[in-house]
Amino acid sequence: EEAIFLRKKITLLRAFSLLIGSMVGSGIFISPKGVLKNSGSVGFSLVIWFSCGLLSMFGALCYAELGTRITKSGGHYIYILETLGPLPSFLFLWAEFFAIRSSVFSVKLFWFLQIWKVETTSWLSPNTGYSCSSVLFSPDMVLTLNSWSVTWSARLQTALSVVKLLALALIIVPGMMLLAQGHTENFQDAFDRQSLVLDKLPLAFYAGMFAYSGWFQTSFVREELVKPERNIPLAVIVSVITVIVGYMLTNISYYTVLGTQDVLASPAVAVSFVQRAFKSLISVVPVLVGLSCFGTMNGGIFTFSRTLFVASREGQWPPLFSMIHIRRHTPLPAVMLM
């Protein structure tokens, strides 16, 4: 007898966790190599990491303003629909579904498997890693979670966000300790202009921005946010600043322990870092990266299923996908399609 609609169950903490969980994925464990390679030096790479953070903050603040003015969920799609009209939004919607989202998930799985390839010396073999990855990225697992309860999906996302921050702390703390002890030799001539090639800088920014991607996720679930006018800007500002600080300190730790040549030679910077800093924890890194990738996957499916739900409601997607489970209050058909 009661009305069927998506309930407001995403609090400020859950919004913060959704953003942190979406931004901190495989990128920070892999991308430092691409940023350094295309920027040419340690100093310029750190400048690019900070610049990517600022760009992400500007974009996130714009989306926070849009999220307080446009009251519908759907993220990019609904903003294009409301501003540019139905044709651009229709084209973007189908491109996002068939090309963009699937390729992003594939890239994250690829880098997760790269982490496992490096890890060969401990009780977790690469074959075990592939098996774990097939479980972590199981569609059934993500489907069940997102179909069963928004609350439990959000709680898991919060827990995984804590795991992501712990993974960063595992890298930051030993690096800062070594830096405090005076190990600054890897920062000599940090801004070497001879190695700077301007036409490669866009590639460095691509690698950096990939690591920051996810700052827009709250706009996808706007209708389910508690006090969105207050919580969207707060969650955006706090989460992006947290990620900027975390990424900067993580990269400084990488360079303190590994140095330029080791970072460029490593297929997975985080694993090489732990191999150098403390080998006893080498088995932990693939697990943490796997959980980090799973958190990003869960957050992406949680949010983009709302885009399909809204697009169906707007008449640009099959009507079936605007339906909501009458007891669970989840957009079950859209989640299953994802």
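Cβ atoms here come from the backbone N, Cα and C positions, even for glycine.
Given the structure is predicted, the values throughout are model-derived calculations rather than measurements.
Features of the protein shown, as given by TrEMBL:
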type	residues	note
TRANSMEM	12-30	transmembrane segment
TRANSMEM	42-64	transmembrane segment
TRANSMEM	76-100	transmembrane segment
TRANSMEM	162-183	transmembrane segment
TRANSMEM	203-221	transmembrane segment
TRANSMEM	233-257	transmembrane segment
TRANSMEM	277-297	transmembrane segment
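A contact between the transmembrane segment (203-221) and the transmembrane segment (233-257) is present, since 3 or more of their C-beta pairs, 6 or more residues apart, lie under 8 Å.
Outside the transmembrane segment (76-100) by six or more residues, the chain places 66, 70, 216, 219, 304, 307-308, 310-311, 314, 316-317 with a CB less than 8 A from a CB of the stretch. The stretch from 12-30, 162-183, 233-257 with the most CB pairs below 8 A to the transmembrane segment (42-64) is 233-257. Listed as Cβ neighbours of the transmembrane segment (12-30) (distance under 8 Å, sequence separation of 6 or more from its ends, same chain) are residues 56, 107-108, 111-112, 114-115, 154, 157-158, 160-161, 164-165, 167-168, 207, 210-215, 217-218, 221, 225-227, 230-232, 234-236, 238-240, 242-243, 246-247, 250, 268-271, 289, 292-293, 295-296, 298-300, 302-303.
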